[in-house]
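As written in Swiss-Prot, here are the features:
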ACT_SITE  D128  active site
BINDING   L75, C76, H77, M113, E114  substrate binding site
Amino acid sequence: MNKLTHFDDSGQAHMVNVGDKPATHRIAIATGKITMLLETFKMVETGNHKKGDVLGIARIAGIQASKRTADLIPLCHPLALTHVSLEFRLDSTTSTISCKVRAETTGPTGVEMEALTAVQVALLTIYDMCKAVDRGMVMGDIKLLEKSGGKSGEWKLA
């Protein structure tokens, strides 16, 4: 198992020094989903929600969240993101909305946390916009699907 990098030799938390690492193009793709009542799902799917375009607002929230990740995760480096996109897939058979995020940067550290944060905030935004009609929505299956770039190279979830 690899050593935990956010702790120094005496066990104290610290921000990893990435100053000597080369800048490389880095990509991370993450996903998650939210399941809801069929009536709630139909409201989102048809765009008939009184608060407006639920998925459009969730997309903007996810992008904003990716840019604020370092403010939320204490030892996460602030990054200059070069691209963030969110894709939603609607499955009416399970009343589930899946969110997939692709985040990119060119720099000395990866964008996994930015992609994961974007997924979670997008799903939370859907929950927030729909909670008046469905408090029983369930978010889950949030995970990193793949990452590339840097010293560790390519990684894909098996």
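Residue positions begin at 1 at the first shown residue.
For all residues, glycine too, the Cβ spot is worked out from N, Cα and C.
Computed from a predicted structure; not experimentally measured.
Other Cβ atoms within 10 Å of the Cβ of E114 (substrate binding site), summed over all protein chains shown, number 27. Listed in sequence order, T69, A70, M113 are the same-chain residues at least 6 apart in sequence whose CB falls under 8 Å from the CB of C76 (substrate binding site). Summary of the substrate site environment: with the site residues L75, C76, H77, M113, E114 set aside, the chain residues having Cβ atoms within 8 Å of the Cβ mean position are T69, A70, I73, P78, L79, T109. Across the residues annotated as binding substrate (L75, C76, H77, M113, E114), the widest Cα-Cα separation comes to 13 Å. With respect to Cβ neighbours within 10 Å, the binding-site residues L75, M113 differ, and L75 shows the lowest count.
The Cβ neighbour count for D128 (active site), using a 10 Å radius over every protein chain in view, is 15. All protein chains shown were included, and the count of other CB atoms within 10 Å of the CB of H77 (substrate binding site) stands at 15.
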